[in-house]
Amino acid sequence: MVFYFKARPEAGDYTIFMGLDKYENEELIKYGFPEDIWFHVDKMSSAHVYLRLNKGQTYDDIPEGVLEDCAQLVKANSIQGNKVNNIDVVYTPWQNLKKTASMDVGQVSFHNPKMVRTVRVEKRINEIVNRLNRTKVERKPDLKAEREAVNAAERAERKQQLREKKRREDMDRLEKERQAEMRSYKNLMVADKMTSNKDVASTNKSLQELEEDFM
């Protein structure tokens, strides 16, 4: 079971989601999207909350209000963190999550700790948590199938980009060949029509005869 929430609408169309338990968390870790940002209460047990960004965005682009929504939702879904003030919530891109065979179910670390950011949450804001909970939808998604569908779409897009690149390169090559042929033809025409002083002297023709020849 995965729970889906809608961030504050004035910030844009952003979906926040989290797994029911550590086993769902394991699936979310395995089949995440490049646009997913992972949130967790620092040094405490909590839900794994994800924010799905729009394609092309990074965690530098998270609106301040959406960041607050995510942090509040993580805090509200931490047994210990929900009871205390001034907690830290860490967040990082899904691709930075590191999972090894020796780790417990739902446990993660990071490939690059420098890519982990922290936001301080002073206290629970019930207005935000209640608003998010009113948007909550429960689903049982096939996370593997969703990820495979995205992979297939990305492969098709890359193939199309390669085809388009090759088409442009072929057109550029043909245009360069056409320009080269035009220059060669012009040079040939000029060479055929040019008559040097030496050529004039060798013909022993008068200027008037040469002019008549030219006409």
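Backbone N, Cα and C define each Cβ position, glycine as well.
Pulled from TrEMBL, these are the features on record:
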type: COMPBIAS; residues: 143-184; note: compositional bias 'Basic and acidic residues'
type: COMPBIAS; residues: 197-207; note: compositional bias 'Polar residues'
type: DOMAIN; residues: 1-112; note: domain 'NFACT RNA-binding'
type: REGION; residues: 143-215; note: region 'Disordered'
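Here the compositional bias 'Basic and acidic residues' (143-184) has Cβ contacts under 8 Å with residues 2, 27-28, 30-33 of the same chain, all six or more residues outside its ends. Mean model confidence for the domain 'NFACT RNA-binding' (1-112) is a pLDDT of 95.
Residue counts for the compositional bias 'Basic and acidic residues' (143-184) under DSSP, helix first, then strand, then coil, are 42 helix, 0 strand, 0 coil. Secondary structure by DSSP for the domain 'NFACT RNA-binding' (1-112): 34 helix, 31 strand, 47 coil.
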